[in-house]
Structure formats: structure tokens, C-alpha cells
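Colleague: Structure below; questions to follow.
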Amino acid sequence: MKWSEISIHTTEEAVEAVSHILHEAGASGVAIEDPAELTKEREQQYGEIYALNPAEYPADGVVIKAYFPQTDSLQETIASLKSSIDVLPSYDIEIGTGNITINEVDEEDWATAWKKYYHPVQISDTFTIVPTWEEYTPSSPDEKIIELDPGMAFGTGTHPTTTMCIRALEKTVKPGDTVIDVGTGSGVLSIAAAKLGAASVQAYDLDPVAVESAEMNVRLNKTDDVVSVGQNSLLEGIEGPVDLIVANLLAEIILMFPEDAARVVKQGGLFITSGIIAAKEKTISEALEKAGFTIKEVLRMEDWVAIIAQNA
């Protein structure tokens, strides 16, 4: 069977949004070629567990590759992708050139091609994220492993925003805490919260593909006794109180529910948000404060921020 490899040249800012669009369109695998991976700050602090080949990365911008079966509707799919990506600037998301190219690949080639971009990565003092097909031995008894299968949705959990959310969870989750993960994606943040001692984690996503992916990864990590996954739009209809809410979403989506977060998280509880480019930090902080939160800490990595806020 022949497959089409669709490559989109975009920006780091647009990676999560474009990846989501591709998964929504039915991509069977997504690979991200980001040259920032070659020099990023966390590489110096924690050390990558694998070697990267600069020749496989673009000179500038980010290239996102997605794999689709060749069908009669492929051109219609590509046109729909282009339309969805072209809308992103209206949400203040810079897409760069947005150029789309197409290559034909054999099934045996695509089935392994995208996996070369995913390897074990230590993202904090506590956690290492390991793709399911990689063998990995923890370097110490205290190291916690999160196994992820990125084939279905939302990558391997090593984007700066995810990394910062996990580090924020390390700082804040206490044994016995109740947690809600809004926009769970792969389920990585819910799994991390469970492994940090949370007693109950509710993971929600509007996308049924994300729900399926999160359920699979939760089972894979043997945290299904703590984490429940469901389909839901943000915090609509969700009752509290809980100790902590975490949401790694686009800034524009975070702005839609600070008041709901204040309603659901208990007094003195925490709201961790990321997916926020540095230029929008002030806007998000002001919205959180208006809803009754106090900004306790801001984490920064590359051009992204994560905010830890406390409900007054």
C-alpha cells in the first residue's frame, strides 16, 4: 500500500495547533522536525539520551510530517488542511510560510520513518518519557518512567509546554490530591500526576481520538486505578472541588474558562496552565487574576511559559 507523506513548513509557535489539525484530519502518524531540538536549554541541564542528526532537521522553522493513506479523497483532505492552517493567524498564531509538500512512500517506509524522531528523553529530575518501542533502564530507583505511544495522537510529551507542566506538577502535587487534566491529549500530565501520588485524576478532552489515546497510555502505565478519562468540553458540567487543575492548551482556549476553573478548584487550590507563548503571558495572567487567582510562579522555557496560580 502506498502512503502520502505531507510536510508542512511552519513555526515552533504553531506546532501544537498544526499537529492537532493533522490528527483531526486522520493522520496515521506525525513527526516533528524542529531544529531547536538540537540546541534546547534542557539538553544542557538533563542531557539527551540519544544523538540527533542535524541533517534531518530544517535550517529554519519547523517541518511537521504526517502520513495519510492514498485515497480518492486525499486532495480534498489537503485542501481542508490548508484552509484550517490558514485560519490560525486569526488566533494570533504565526504559521510562517505554511508551505505544504507531498511525497509518496511505501507502507514499510512510513511505518518506521516517523519513529526515528522519538526516543527516551529525561525531562526533569523525576521523569523520563519513553516511547513504547524503545528499551530503557532507569538510571536510579527514584527515576519515574512514562511510557507513551505517540502513533495515535499528540506526540511524545516532550514539547516545552508539557515539560513545564510536568515540572509544575512535581512542585505542587501532594499524596492524596484530586486533580483534573483539561485537554489531556496523550494523557501524559494525568499519568505524571498519578505517579506523583494523586489519589484521583479526571482527564478530559473534547477530541475522541485524544480520549482513546489517553485511555491507552493510562493503561500502558498502569495508572488506570487512579486516572479516569472522558470526553468533555473544557470544564463544562464538571463539579468540584478539586485540589488542582492542569491545562496545557492554546492561550486562546485558556482564556475561555478561568471562571470555571475558579469554580471547580477549591479555595487555596492550584491552576497550572501552559501552551502560552511568552507574548501572551500578561493577557493570561490578567485573566486569571480577574477570575480570583493569585499568580504564584511562572516557569519559562524557550519562547513558552507555564503559570502556577492559586485560587484565593
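Positions of Cβ are set from backbone N, Cα and C atoms, glycine also.
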Colleague: Record says T162, G183, N248 bind S-adenosyl-L-methionine. Source is Swiss-Prot. Which of D142, D205, D224, D225 does it list for that same site?
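Modeller: The record-listed residue among the candidates is D205.
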Colleague: Around the Cβ of T162 (S-adenosyl-L-methionine binding site), how many other Cβ atoms lie within 10 Å? Please give the count over every shown protein chain.
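Modeller: For T162 (S-adenosyl-L-methionine binding site), the 10 Å Cβ neighbour count is 26.
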Colleague: May I ask you to report the DSSP-based helix, strand or coil state of G183 (S-adenosyl-L-methionine binding site)?
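Modeller: Reduced to three states, the DSSP call for G183 (S-adenosyl-L-methionine binding site) is coil.
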Colleague: Between all pairs in T162, G183, D205, N248 (listed as S-adenosyl-L-methionine binders), what's the biggest Cα distance, rounded to the nearest Å?
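Modeller: That value is 16 Å for the farthest Cα pair.
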